[in-house]
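Student: Here's a structure for you.
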Amino acid sequence: MGALLAKWRAKPSTVEVLEKMEKDIQSLEEFRDKNQKLRKIWVARLFFYSTILYILTSLTVYLWYLPGGMTARLLTTLLFLLFPVLIWFVRTLLILWFSRRTERNNDALELLKAEKKKILEEVMEKETYKAAKIILERFDPDSRKIKELELPVPGPPITPRPGQDLRQRTAAQRNISVSTPVNPGQGSPQVSGLLAATPALQRDTSAPGGPPERSVQPTPQSNILQRRPGSPATAVSGMALHPPGPPLARPILPRERGAMDRVIEYLVGDGPQNRYALICQQCFSHNGMALKEEFEYVAFRCAYCYFLNPARKTRPQAPRLQEISFDRQRQRTDSQGSVNTLQLPAADQLENQQSPEAMEEDSPAQAEEQAIEEQVIEEQVTEEQLIEDQVIEEDSTCSEQQWEEAPDDTEKDNLPAAEVNPSLPAPAANESEESFMETE
């Protein structure tokens, strides 16, 4: 009769079985923790009470019950020596007993966990997607099987444009170079499922003679599969179409620095903490570090998208030494020309200061004398200009050090006034005065 009633009873569902197993597992884990605490408590109590008892008995025996015979004293000392050994033996027994209990508890816990894992695998095989997902989220949240169930949804097919050839490339041809997955047991069905579910996303529309066009972006999981190690995380989809660019002007330093590199950076004072990062303006990739002094004046080409990033500022350039010497010569020539122009009006004023009576009494002889005087003045002016040109040529040939080494005051006194200061036309003024006196 009991067998018939047992057959008529309905079997418990998987959720009920898992709930019961979850409760048993929790109780076993609590018992294990409690057993560990009890072992520590009992061992500590044993040591505490045994030491107190040992001290009290030794004091009482020594003060009141110390025997007088030699054999009795030896027996009492032997008992006092055996008491610590007895306590140590009791401690080992307690530890063995509690360890045996924990081993039995752990065995039962492992059996329950194995049964639970087996039931969850059956749920993955037999139950529907929705029910299996609910059960796994409730009883096994840390499992990776939930991610296996979340397959990507295939996107709509791409319609070709008129006048263009549709090139269909299967996902298997594109993902030949994909590396093996991390989980070997679960990687092959996942990759095959993704490849079978996303054939439409791998289509490209391209016209003959034109660049390929991509209108649909792949799913994140397919991106994860197609991404190779070493490629930047912020790569643009159209960057794969660009041809490889020129090589970099400078090598990119590795991120991981060794102990020797750190010591050298500390001694020299040149490390990542003293540099600025070179970030590409287009793909925002890291292209190494630059010094603080050179950061604003550095122009670089990105190592990933080959975009030329211009410098933030232009470096100021110092003028050349030849230009400085030419500027000095120009200033000197300008000052000398102004002095010459002042001399000529002075001579004209002296001639015009003659009285009108003398101008009326001019004879042909006086006109000839004036013409001779004018020729003499012109010759003097030309000689002064030649001397000034020679001085300028000597100044241009000499270096700046020769200019700094000026002659002594005694030598300046011995030299004539025209050579010491060529800008002062003293002889010309004296000769013009003498000629004016002769005409008078």
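Using N, Cα and C of the backbone, Cβ positions are placed for all residues, glycine too.
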Student: Of Ser143, Ser222, Ser399, which one does Swiss-Prot label phosphoserine?
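Tutor: Checking Swiss-Prot against Ser143, Ser222, Ser399, the phosphoserine entry points to Ser222.
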Student: Out of Ser99, Ser177, Ser432, which residue gets the phosphoserine annotation in Swiss-Prot?
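Tutor: The phosphoserine feature in Swiss-Prot corresponds to Ser177.
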Student: Quick one: which of Ser13, Ser179, Ser285, Ser423 has phosphoserine in Swiss-Prot?
Tutor: Ser179
Student: Swiss-Prot tags one of Ser206, Ser396, Ser435 as phosphoserine; which one?
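Tutor: Looking at Swiss-Prot, the phosphoserine feature maps to Ser206.
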Student: Which of the listed residues, Ser27, Ser237, Ser325, has Swiss-Prot annotated as phosphoserine?
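Tutor: Swiss-Prot records phosphoserine at Ser325.
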Student: So if I exclude everything within five residues of the ends of the transmembrane segment (78-98), which remaining residues of that chain have a CB under 8 angstroms from its CBs? That is, six or more out.
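Tutor: Those are 35-36, 38-39, 42-43, 46-47, 50, 54, 57-58, in sequence order.
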Student: Averaged over the coiled coil (16-40), what pLDDT does the prediction give?
Tutor: 88
Student: Determine which residues of the chain contact the topological domain 'Lumenal' (67-77) at the Cβ level, with the cut-off under 8 Å and only residues 6 or more beyond its ends counted.
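Tutor: That would be 61.
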Student: Should anything in the same chain at least six residues away from the coiled coil (100-128) have a Cβ under 8 Å from its Cβ atoms, list it; otherwise answer none.
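Tutor: Answer is 14, 17-18, 21-22, 24-25, 28-29, 31-32, 35-36, 135-136, 139-140, 143, 145.
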